[in-house]
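Notes to accompany the following structure.
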Amino acid sequence: MKRLISSRADWWAVAVLTSISSLLFVVPSILGHPPVAGDNLIQNFPLRVLSGKIMATGHIPQWNTLAYSGTPLMGGLNAGSLYPLTFLFIVLPGALAWVLNLIACYVAAALGVYALTRWLGINVVPAFLGAVTYTFMGMMVGQLVHLGVIQGQGLIPWVVLLMLMTTKRLQNADTSLGMMQVLRGATWPLLGLVGVVAFIFLTGEPRSIVEFETVGVLVFLYCVWWAERGIDRPRRFLVACALGVATMWGVAISAIQLLPGYAFIGISQRSNLTETFFGSGSIRFEKTVLFLIPDFFGGSGIFHQPSYFIDYNLPEVSGYVGMIGLAALFAAATQLFGPHRKEIPRWIGLFVVMAVVGLVFAWGEFTPFIHVMSKIPLINKTRLQSRNLAIVDLAAAVLVAWFVQHLIAGERSKISLDGWRKWVTLSPLFGALLVGVLVLVWPFGTERWFGALPNQAVEGHFLFWWITVSLVIIVASILILTKGFRLGTKVRQRVVVGFVVVDAAFFMLACTTGLAISSVPAEPSPSYAASQLGTSGRFALVDTENRHWDQFIPLGQPNTNVFTNLPSIQGYGSLIGQSYGDATGAHLANNLDACGLSDGSYRQLRLDTLVVANWELAPQIVALENGVPVNLPVSTPPACPHEPPVAQGSERRFYFGQSLALSSAFFIARSSSVMNDTSIANSFHVQAISSNGKVSELSQQITPTSTGWAITFPAHPDAVGLVVTGPVSKVMDTSTVTDTSGSIYSLNGEFQGALDRASWSLVSTSGTLQTFRTTRHLVPWVYLSGAGSGSRVLSSVNTITGSQTNVVHLEQAGTLVRSEAFLPGWSATVTPVQGGATTSAPVIAHDLVQSVNLPPGDWSVTLSYQAPRLKVGEIITGVGLGAFVLVIASVFVGFLRRRSHSRA
């Protein structure tokens, strides 16, 4: 680094890049708005806080008792539990440790690109702009909502640099000095590569790992086959071996994280993946327009800007590299052809190929190569292929530095800005200009042409001023690249620097969601959550459309329940035990299978409180727009197998999920014969349910018809549900209610029938959420089954690691059952209370939870979790890390000896 950054200008550039990366997160945090949003809020931040808490007790963070009724923490691959910077959460407040982690990501990215381009021979200012392009545009900014992803992205430039440095030193070494002397000359870049690879794999983030795989393979092939002309085979072989050993060494150091994660994948929903899964999240060709105008489909929503309004989400499609970046990509590609191709640096071809490969992988399932890509090891275990745009961003950033260097120097021919090549270089800019003008004068049609639905395309009208700014940037870029050569060198340099900085700033303003000010606390209040959810058992929050973010986070939506310490049967992570996920449907955020309520499957999980969104109970099917009724999409919930009959005796309850001012209702009879029986038809009656679940009479006029009961409510009462008495078994789920505005709601929501049972009671209604609590006695956290009437659990002690010690008395052989999700890795030790040898006992599945078979007597039973393959991982990591430390110590001692000899 000292040789790469040696001049005063270098240190100024490093200082500026570091300062920007720091202030970007420090200032909002000081103002009370720490940059915790999106998946960071409900996943990455709380799981790292939990990891820190567990490590503070001296244990490896292996188990999370608060999500999915218990789930692997480190093995879940989202917590980054053993990433070195996660150790900050042991000793620092969560928010401070979080900000330091973010700063480290962006400083690493900026300095990595800067050092890489300086090593490639780029001057200070162009190298600075290359770093700005990578760090503050595209995926590096877009993926701010996923800490593990940007941790890997920030380190990838260092991988490229260290691989190239190693190759250069080995290829230029004097082989007559012997093999050890040759390798000694590449010691520091090799050791650096080992460390960076270890850091990337310790993130636990699959996307970071496969991005390293893709970039690493491309750079490896370049280093071995193409980096230099005239290199003999033995030296190529030496380069290949050195890079391969360094990579495997880094992977070995991270084995303590990788092996438990890989073991969990084998029993998770990702154990048998399909090509469809791999292709999910690929970016459609038409969305590549975001390289031209980054907020073409809306942006962050700041200053009344329309938020991103088409399918997918903005962070996953933000690959913008700026106007200079686009020109640099096309200019570099044209330089690879023609008589002058031998005059350009060979590494230009590497980064052009890297950009093409990244773009093809990002397109994923929309290319003919999907069948090949889905067979590549490691890569085939991932989805969200649009994130490969980060590879394009890195390649573009390096090429920006190369392009700007020659642009400032006025060397048109070296960057394809002369002759016919000029039009190729400028073609993406003219394309951006055309698209910008079209969407400005014909927003609806242009948005539709690029894939927006009619109800989405109307938002294009509100992008006028934002598109106008983009057009100004596009026109300015064209002028700089066509007329800028008339300016003096220093003036041209200042103009280019100012332009790239403005381009990056506009992108961050328009398209960054990770820096958006959140209206919810990053750390929910335990007292508030307890007052709403209770503390007796586990809870679940149901909203498949995820519209209640602002209300769910203060309740401790998993994984923010790390701060409330209230356990849930749900979670939020990339992995979930397959048997548990299949039984509960809880993999996606705020999802739950209603059938588990119907058949009582969740009793074993101690589900005590359920908060349900209105559309899960009574979805709106007709809305009024400007006084005109509009039919809304309707879906029929799936029938539950073995579902018991609905209705509580002679009544049936229908909940709305919100308070409605009722105008009328229509309850559909199951057949016309029901209405032909006057005694049945006339026995129909309804009552109102208040917000806290109380039932009261209401004024109503019931008119039997040939198909059902038409009811009007003259007083327009407010109600959150209706109780039907009479022929309740003859009422169809597709019955409807109409409020005073004319909106119509169907009573066939997925959770409607499941909650129409004596085992669930409405306790409150808030906005468009209703809270229900079980009326049954919860099964104990630990109980004995089949052990005789005098058997009992005498005491039970839990720890933050998930382990539990129980003292039990059994009259006869029986089973200890614990309400904690079962997964391989659990074991038990059994010790006689009166003294004696401790023995081990298997922990087996008791449906979804854990159990241990015990003989009669008094026993102390300790259940503990050790992630599968953890011991092997510890050994491999210990050996790899120990060797790494020894080599560094040896090199350092050798350096000190040589220094003392030279002084003597």
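We number each residue from 1, going along the chain as drawn.
Any Cβ shown, glycine's included, is placed from N, Cα and C.
Now, the feature entries from TrEMBL:
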TRANSMEM  12-31  transmembrane segment
TRANSMEM  82-107  transmembrane segment
TRANSMEM  119-137  transmembrane segment
TRANSMEM  208-225  transmembrane segment
TRANSMEM  237-259  transmembrane segment
TRANSMEM  317-337  transmembrane segment
TRANSMEM  344-364  transmembrane segment
TRANSMEM  384-403  transmembrane segment
TRANSMEM  423-442  transmembrane segment
TRANSMEM  462-482  transmembrane segment
TRANSMEM  494-517  transmembrane segment
TRANSMEM  875-896  transmembrane segment
Which residues of the same chain, at least 6 past either end of the transmembrane segment (119-137), have a Cβ under 8 Å from a Cβ in it?
4, 7, 9-10, 13, 16-17, 20-21, 106, 109-111, 113, 157, 161, 164-165, 320-322, 324-325, 345, 347, 393-394, 396-398, 400-405, 408, 493, 496-497, 500-501, 503-505, 507-508
Can you tell me which parts of the same chain pack against the transmembrane segment (82-107), counting only residues 6+ beyond its ends and a CB-CB cutoff under 8 A?
17-18, 21-22, 24-26, 29, 34-36, 45, 48-49, 51-53, 55-56, 60, 74, 135, 140, 144, 147, 150-151, 153-154, 199, 202-204, 256-257, 522-523
Do the transmembrane segment (237-259) and the transmembrane segment (875-896) come together with 3 or more C-beta pairs under 8 Å, pairs six or more apart in sequence?
yes
Within-chain partners of the transmembrane segment (875-896) [C-beta distance under 8 Å, separation at least 6 from its ends]:
187-188, 191, 194-195, 198, 249, 252-256, 259
Look over the recorded stretches 12-31, 208-225, 462-482 and say which has the most C-beta pairs under 8 A to the transmembrane segment (317-337).
462-482
